[in-house]
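Everything below concerns the one structure shown next.
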Amino acid sequence: MEGRGPLATSPRRRWLLLLLLLPHSHQRIQDPPAVHLSSASGQGPVTIMTFDFTKMRKTSSSFELRTWDPEGVILYGDTDPHEDWFMLGLRGGRPEIQIHNHVARLTVGAGPRLDDGKWHQVEVKVLGDLLLLTVDGEEVLCLKQVFGPLASRPQPVVRIAVGGLPFPPSSLRLPLVPALDGCVRRGSWLDHQAQTSVSALSGSPRSCGVESQPGSFFPPGAHAEFSLQDLPQPHAEPWAFSLDLGLQLAAGSGHLLALGTPENPPRLSLQLQDQKVVLSSAWGPQLHLPLVLGAPLQLKLAASGVTLSQGPETEILALPLSDPGSLLNLWVQPHARLFLGALPGEAASASFCLDGLWAQGQKLDMDRALNRSQNIWTHSCPQSLGNDTDTTH
């Protein structure tokens, strides 16, 4: 009866005991932190890697993606930026692949929407002349005869860029806005053993550790500008123009928006002051409403005045009809702007989250702004305002 005592165990049980006794950190190596896909400069990728394809034994890349942003570049690869490149991005929230080489030139969209703020597992695999795209374990795209042999390339180098393009977006087969307000984690890029270089762009990328919700977040001092010529135009008879803001979070004091030109004080402005929303004009009078977060804030502009309303509260600001500098004349000036956030030169402490901004009922996209601060979260907001939300890209 040797080996049948109370301490005797089968080999399988001994392995289970060892696994249970190991510290948790030994059971799984800690994952590196998630990386935000917006670079500090707002231009180009966050990481560029090169690989010697003569040494590659693995021709797939996988990662997890989380975003509320429906459009942007996730991954780009090439052996020649003019003649042989590949791009994986989002358009309308769904994956899109663009391929440009001597074998195939195509743009294909496939798969489910990924802009829901959840983590999604994505894998891109090249098998000979085939490309496979898998999302959350399900194959959503199989492209055949789209690649030639790597051995035919003049240089044995494959370049991978994460979160951007090494050339202008106009050079894509179907241009899109490259900046993607999203996070990537657990990335495995081609064959690590064949990697010859890796470079991360300078600057402090935004943290992915903050829980987010859909919207657009302006940290203190952030600003964006839209040309009035690029916005939906006012109704002609009678003249009317509307702006609607979904103000979800707000703190501090400073401008929310203004109408005017860069070289002059604004004709009309909306500010945060002491938990109030204050509407001011260049003609002196102003009015205010108590700040109510979550309730739509609406500005209705007419020739005779401006109506500010939020929920049941409504105030009307009268405007002079004969002034040549009236609001109506702004729309015929080529440099007239809709300013969001801090005005040029303003030391503002206001930070706020918009879950939407509409001009004449049409939602505006921060990626389409004439110019903007790079620390604006274009398609996401923190769940609450605090010190950890003032980070920049």
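The backbone N, Cα and C atoms fix where each Cβ goes, and this holds for glycine too.
The model shown is predicted, which means the values in this text are computed figures rather than measured ones.
Listed in Swiss-Prot for this protein:
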- Cys183-Cys208: disulfide bond (DISULFID)
- Cys353-Cys381: disulfide bond (DISULFID)
- 35-208: domain 'Laminin G-like 1' (DOMAIN)
- 215-381: domain 'Laminin G-like 2' (DOMAIN)
- Asn371: N-linked glycosylation site (CARBOHYD)
- Asn387: N-linked glycosylation site (CARBOHYD)
- 1-27: signal peptide (SIGNAL)
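In three-state terms derived from DSSP, Cys353 (disulfide bond) belongs to an extended strand segment.
In the three-state DSSP classification, Cys208 (disulfide bond) falls within coil. Of the recorded residues, Cys381 (disulfide bond) and Asn371 (N-linked glycosylation site) place their C-alpha atoms 20 Å from one another. In this structure the C-alpha atoms belonging to Cys183 (disulfide bond) and Cys353 (disulfide bond) are separated by 19 Å.
Of the recorded residues, Asn371 (N-linked glycosylation site) and Cys353 (disulfide bond) place their C-alpha atoms 18 Å from one another.
Restricting the average to the domain 'Laminin G-like 2' (215-381) gives a pLDDT of 92. Under DSSP, Cys183 (disulfide bond) is assigned to a strand (E or B) in the three-state scheme. Looking at Cys183, Cys208, Cys353, the disulfide-bonded residues in this record, the fewest other C-beta atoms within 10 angstroms of the C-beta turn up around Cys208. The distance from the Cα of Cys208 (disulfide bond) to the Cα of Cys353 (disulfide bond) comes to 17 Å. Within 10 Å of the Cβ of Cys381 (disulfide bond) there are 23 other Cβ atoms, across all protein chains. Around the Cβ of Asn371 (N-linked glycosylation site), a 10 Å sphere holds 10 further Cβ atoms from the protein chains shown.
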